[in-house]
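**Student:** Got a structure for you, written out below as structure tokens; questions coming shortly.
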Amino acid sequence: MMKHAWDNYVRYAWGKNELKPISKRGHGASIFGNMPVGATILDGLDTLYIMGMKEEFKQARDWVANELDLGSMTSDVSVFEVNIRFVGGLLACFALTGDVVFRDKAQQIADKLLPAFDTPTGIPNALVNFKTGVSKNYGWASGGSSILSEFGTLHLEMAYLSDVTGKPIYRNKVDHIRKVLRELEKPNGLYPNYLNPKTGKWGQHHMSMGALGDSFYEYLLKAWLQVNKEDNEARQMFDDAMQAVFLHMLHTSPNGLMYFAELKFDRPEHKMDHLSCFSGGLLGLASRTLNNELSHKYMEVAEKITSTCHESYDRSFTKLGPEAFRFTEGSEARALKSSEKYYILRPEVIESYFIMYRVTKDPKYREWGWQAVQALEKYCRVPGGFTGLKNVYSEDPQQDDVQQSFFLAETLKYLYLLFSDDSLLSLDEWVFNTEAHPLPIKGVNPYYRESVP
């Protein structure tokens, strides 16, 4: 599957951000600005390496060394997306290979992100212009706010970048974000999705384990894991946040399906995003990495959430899950609005299968993963690559003609690892960023490659 996705990208869209596998041409996705910067190459590199696709990896590495041109990025880009996909992908390749071209390119990109942090609070803006350094927030985000999942998902990459370059500036920026968050008053112990970078005050009280919230919680746990469990503050913040989330957002449907509702001004909306399906694996990881009074509860919720997310796949005609699904009296774990019925090759459910398999060894997670493989092959594979679907409940679903870069970075990588031996990227030695780029754990992994002053 990786070879099919990659070869067609090379054939029809080389150097462009993504591939349109039906039209067989490049796709100019807006999240990377409107300039082609090889997003699929930067995102897919480490997957090629892990799968032993040496020739393809060398071709991609040479493109990074010779062709990657940040000067061509003249439009506003997402600080978050560039960090998790580009900086994260390059740093993973540096860790895996020791080839300094990856470290140096990661640093060049990170330097272009730094102006976004120049706000009164140090909470970065969402968008930055690589040419002018001007940064701003999205117009729709609660009165000029920054977004929790975006500014809260910079820590792993920036901390590691500081260690491999010997330059503390990157870690200092994310440590400051942590300090601001720690000192803020949390409504009911919860973190709203919006924070104003000028005033340091929360925006609208919306809370979510899905879009706008998700990876902030992930990075609290993983920042602790990344430094071999020495960052106790991060772990404490994670445990405290999860207790509040369990109390206010965790629900069980009449037929016994557990899910995280979203909160809007203290009122639950009984819907769960595909994005929030990563939380099964996250809680499984939390349960197995520290034996505390929450461990048993974490594993119970991890198993039930992962099962609910599997149901969202199983209850569709294609056996692939919708972008969001709801829990109402007549319908559970199903999308009801047409705007929520699409599947864009997302990885989160498979990510949870992978982690839950590694931590429990229950074979059902591999069986569920194989069901997803068969569905992807049947409905998403086209002669020119892999495409998303517009309606997972349709017997003959319309295809969206986009091969997302995260399909190569995450979905295929997690599927490969789900069926691999535990020794391949062991969870004791590696921590995956939110784009599935593996970063080494300090002190236990010889690939950490810290800079020597």
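Backbone N, Cα and C atoms are what each Cβ position is placed from, and that goes for glycine too.
Small disclaimer: the values here were computed from a predicted structure and weren't measured.
According to TrEMBL, the record shows the following:
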ACT_SITE  E81  active site, proton donor
ACT_SITE  D214  active site
DISULFID  C277-C309  disulfide bond
ACT_SITE  E323  active site, proton donor
ACT_SITE  E348  active site
BINDING   T434  Ca(2+) binding site
**Student:** How many Å separate the Cα atoms of E323 (active site, proton donor) and E81 (active site, proton donor)?
**Tutor:** 19
**Student:** Give me the count of other Cβ atoms within 10 A of the Cβ belonging to E323 (active site, proton donor).
**Tutor:** 20
**Student:** Given the recorded positions E81, E348, T434, which lie close to C277 (disulfide bond), meaning Cα to Cα within 10 A?
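**Tutor:** Matched recorded positions: E348, sequence order.
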**Student:** Let's check the environment of D214 (active site): how many other CB atoms sit within 10 Å of its CB?
**Tutor:** 26
**Student:** Rounded to the nearest Å, what's the C-alpha distance separating T434 (Ca(2+) binding site) and D214 (active site)? Just drop the number here, would you?
**Tutor:** 10
**Student:** Going by C-alpha distance, which of the recorded positions E81, C309, E348 is nearest to D214 (active site)?
**Tutor:** E348
**Student:** Count the Cβ atoms, other than its own, that fall within 10 Å of the Cβ of C277 (disulfide bond), considering every protein chain shown.
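**Tutor:** There are 31 such Cβ atoms around C277 (disulfide bond).
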**Student:** Expressed to the nearest Å, what is the distance separating E81 (active site, proton donor) and E348 (active site) at their Cα atoms?
**Tutor:** 16
